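Here is the structure we will look at, set down as C-alpha cells.
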C-alpha cells in the first residue's frame, strides 16, 4: 500500500535533523530506528537515545492516509542521500516491510512496530519558560561549549550549566582547568533556576540552531528541558548533580592588565603552536612592560618565539598555559579586542571583552 | 656500553621478615613462624619461614586459614623498623659492588654489574660475595639469580632458593627459556597460564614457536611481550631511581562491610590516608584514580578513571561500579589509589573541590 509520496529533500532534511543522536549500536535494536509518523498531512520524524529525543516535521503538507512506522535511521539516511533528488515513494507491505522507490531504484527495508518505540515522556509542567532569537543562543553556545569536559569522572562537568534569573540567561562550562561564562537577556522575568544540560544535547542543539531571528523557546521542566524552534522539538534529560560555583573561580584582583587585538594574538599563538609539545601543549607567555613574548618548545627542543607589542606596564611576569585553552577562546569569541588580566604565575588569568560583562573566560596556568 | 651481554643479578632474601625475626629470636628458629596480622582481626600472613611453608602456608593467606592448616603456628606482628634497618644494611653491601641498584622492595633488588671489575668481572662470584656478606653482616640468607636480563635473573634467583644461586649464561639462555613452564614467566598468573595451556602452550619453547599475531590477539600487548621473553629478550634497564607509578592505601576490615553504604562510610578515612601518602611522595601530578574492592570470597576488582585531582565523590562513583561487580557480596578489603602522571608539565586546577 502506498503510504507516502514526496520529494527526496522534503524527507532527507528533517530526517538528518533527528538522526544525529541515534547510536549506531544499542542494546535496544529499536533505538537504531527512526519513528516516521504521518498525521493530518504532516510527516514527522522522531529519534531518541533515551536521554535526548528530537522530533521534526517535514515542511510541506502531504496527501494520503495517516501511518506510523519505524525503520533503520542509518540505512534510510544513506539511501536518501545516495539517490538523486527526485520523487520518492514509500510502500508499506505485509510482514512489516517498507519498500522505498525512487526512479529505477527499489529498497526493501525492515520495520519494527511503532508502538514499541520508547518515548521520552514529557515530565511535569514547565518551571520556567523563555524565548530568545536562535542566533543569540547559537552565539552564546559558541562562546562556552568548547570548555565542556569530555568524559570527566565529575559527570556534571560533561555538560553545560544553564541558569536563569530575571531576564538573564547564563551559560557556564568548565573542565576544571578553564571556565567559560556567557550571558544574554531574554523576554522573560524568571525566578533563579539552573539545570545542567548533557554535552550531547548541547552539541546537537548547536548543530540544529539557525543563524536567524526566529525564536527558540526553552522550557525548564522537572528533570527535563524542552527546546522548540522551527518545526523541531528537542527534549533532553538534565544531568543530576551540583555544578561548581563559578563565581568562586572568577579572579577579582588580577591587576596585570592589557588590551590585545584578538586576531593578532590568535595568529601569533597559531604559529607558535606548531612547535608546542605534542603532549603537554605548553606555551609560555613572558610579559614585560610594552611587550609580550610567546614561547613554545617541543620534545625535540625546537623552539618558536613570537613577540607582540602591547600597552602594558604591570611589570615582569612569566606564566605557562595549555596553548589549546588559549586558542579555543580566541577562535570562538566574536570580539575584535580582548582584555587579559593576570595575577601571578600560579593563579588564573581572566579574559574579558572590554565594556561587556556578558562574557568571561578563566584559565588556570600550567607549570612548565 | 658495548654490545656485549649485560650482567644482571637479582637478589632476593629468603623469607625476609621471618629471617630477621629468627635472627633476633633464636628460640623461634625451629618452629613454624609467620609474620602477619592476628586472625581475630582478619589479619593476613605477610611472610612465613620455610617450616611453616611445609604446612601449605604462604604470604597473603588469611591468618585464620593459616592457623587451621597449622594450629601450632606462631604468628607475630611485623616490626617494620627492624626490617628497614636490615634492608639498609643490605643496600650498603650492594653499593660496594655497583651504583646501578633497583630496589623492588625491602628484600629484593636488581643489580646491574655489567662492566664491574670486582671478582675479575665475574657476576657469579660477585653474587656469591654479596650473599656471603649478607649472611655474615646481616645474619640472614639470600638467594641470587645471575642472567643477561632482569626477567631471567628473577627466575634464576628462585631456582635454588633458599640460600642458593643460579646462573643463566648468555649461551644457555635459549635452552633455559625453552624448558621454562609458562607460569614462571613474568606477569603470568593462574588465569593467563590456563589460557595459554588451552592454546597448547606449556613451556617457553611453545611460546617462542607460537604465532606472535595470535598471542597479540589473545593477550594484547602482553602477548607481544611474552613472545619476546620466550626468545630471551628483555630490554628493561635496571633503573636506580625507580619512578613511582602509583600510590595507594588499603584496609582489610575486621568485619566484612555488608553493603555499599558501609563501604562508602570508609572512604573519607582511606582518602585521608591516601592524601598523606601522596604528600609524603612530594605531591606528584596525578593521572588517574583507582578503587580496589576485595569481596568476602577473596575475589577482587579494580576500577579506575582518569583524573588529575583527588575527589571524594569520584572515588564514591568508582566504588559504586566496583561494588556492583560483587553482585551483593560483602566487602573484605577496600583500597584507594592514584596513578601518577609525568611531572614535566602540570596543568593547575580550579580549587573548588571538597576537602
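Glycine is no exception: its Cβ is also placed from the backbone N, Cα and C atoms.
All TrEMBL annotations are machine predictions without curation.
TrEMBL lists B:8-189 with the feature domain 'UmuC'.
Per TrEMBL, the feature Mg(2+) binding site maps to B:12, B:107. In this structure, residue B:107 (Mg(2+) binding site) belongs to neither helix nor strand by DSSP; it is coil. A simple way to gauge crowding: the CB of residue B:107 (Mg(2+) binding site) has 22 other CB atoms within 10 angstroms, across all the protein chains here.
Within its own chain, residue B:17 (site 'Substrate discrimination') has B:35, B:46, B:47, B:78, B:83 as residues 6 or more apart in sequence whose C-beta sits under 8 angstroms from its own. According to TrEMBL, the site 'Substrate discrimination' annotation covers B:17.
Residues annotated as active site in TrEMBL: B:108. Take the CB of residue B:108 (active site) and look out to 10 A: across all protein chains shown you find 18 other CB atoms.
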Across the domain 'UmuC' (B:8-189), what does the pLDDT come to on average, as a whole number?
89
Non-local Cβ contacts of residue B:12 (Mg(2+) binding site) (under 8 Å, 6 or more apart, same chain)?
B:107, B:108, B:142, B:143, B:144, B:145, B:154, B:157, B:158, B:161
In terms of DSSP three-state secondary structure, what is the assignment for residue B:12 (Mg(2+) binding site)?
strand
